[in-house]
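Annotated 4-CDP-2-C-methyl-D-erythritol 2-phosphate binding site per Swiss-Prot: 9-11, 36-37, 58-60, 63-67, 134-137, 141, 144, in sequence order. The divalent metal cation binding site feature in Swiss-Prot is assigned to 9, 11, 44. According to Swiss-Prot, the site 'Transition state stabilizer' annotation covers 36, 135, on the basis of sequence analysis.
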């Protein structure tokens, strides 16, 4: 059996001087994202898609922003926790396709490192993870430079599914 999950996250930019973390990578920019955690929208979208694929709810259910235990937390920790939940159900990650949506900063110099972090955290080969970036041609909140969004599709399979 295989299943697919879709994840999405968006955050507005926060105060000047805060770090911008995307895919576990600190991306040079004058402002990071305002959030309860580290605001890593890419990790959040992938985590949300992973949980959704396994029928395990969503990011906010497992890691609520009302819980101080997650204040400022590295979102890679959340992804690894979600992976363990999914694996406990007999699933494994097949592949991930994720998109960052932002007018600025330029993401392309960093997508390789983001892909590598996601692959390591999901315990898959880098070839099983794709990260890309796009703009909205100056439309909507990302286009106006107000924040960044990310979306992801995650394919999972039952252990042994492709071994037949």
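For all residues, glycine too, the Cβ spot is worked out from N, Cα and C.
Since the structure is predicted, the reported quantities are computational estimates derived from the model, not experimental observations.
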*Cα-proximity to residue 59 (4-CDP-2-C-methyl-D-erythritol 2-phosphate binding site), 10 Å cut-off, over recorded positions 11, 44, 135*: 44
*Of 11, 36, 44, 144 (the binding-site residues), the residue whose Cβ has the fewest other Cβ atoms within 10 Å*: 144
*Listed in sequence order, residues not in 9, 11, 44 with Cβ within 8 Å of the centre of the divalent metal cation site Cβ atoms*: 10, 33, 35, 39, 40, 41, 42, 45, 149, 150
*From the binding-site residues 9, 36, 64, 67, 136, pick the residue whose C-alpha lies nearest to the C-alpha of residue 44 (divalent metal cation binding site).*
9
*Have a look at the recorded positions 36, 64, 135 and say which one has the shortest Cα distance to residue 11 (divalent metal cation binding site).*
36
*asked:* Please report the Cα separation of residue 64 (4-CDP-2-C-methyl-D-erythritol 2-phosphate binding site) and residue 135 (site 'Transition state stabilizer') in Å, rounded to an integer.
replied: 29
*Just going by other Cβ atoms within 10 Å, which of the binding-site residues 9, 67 has the emptiest spot?*
67
*Check residue 59 (4-CDP-2-C-methyl-D-erythritol 2-phosphate binding site) against DSSP and tell me helix, strand or coil, would you?*
helix
_Residues near residue 135 (site 'Transition state stabilizer') in space but at least six apart in sequence (CB under 8 A)_ = 101, 102, 103, 142, 143
*Packing count at residue 59 (4-CDP-2-C-methyl-D-erythritol 2-phosphate binding site) (other Cβ atoms within 10 Å of its Cβ)*: 26
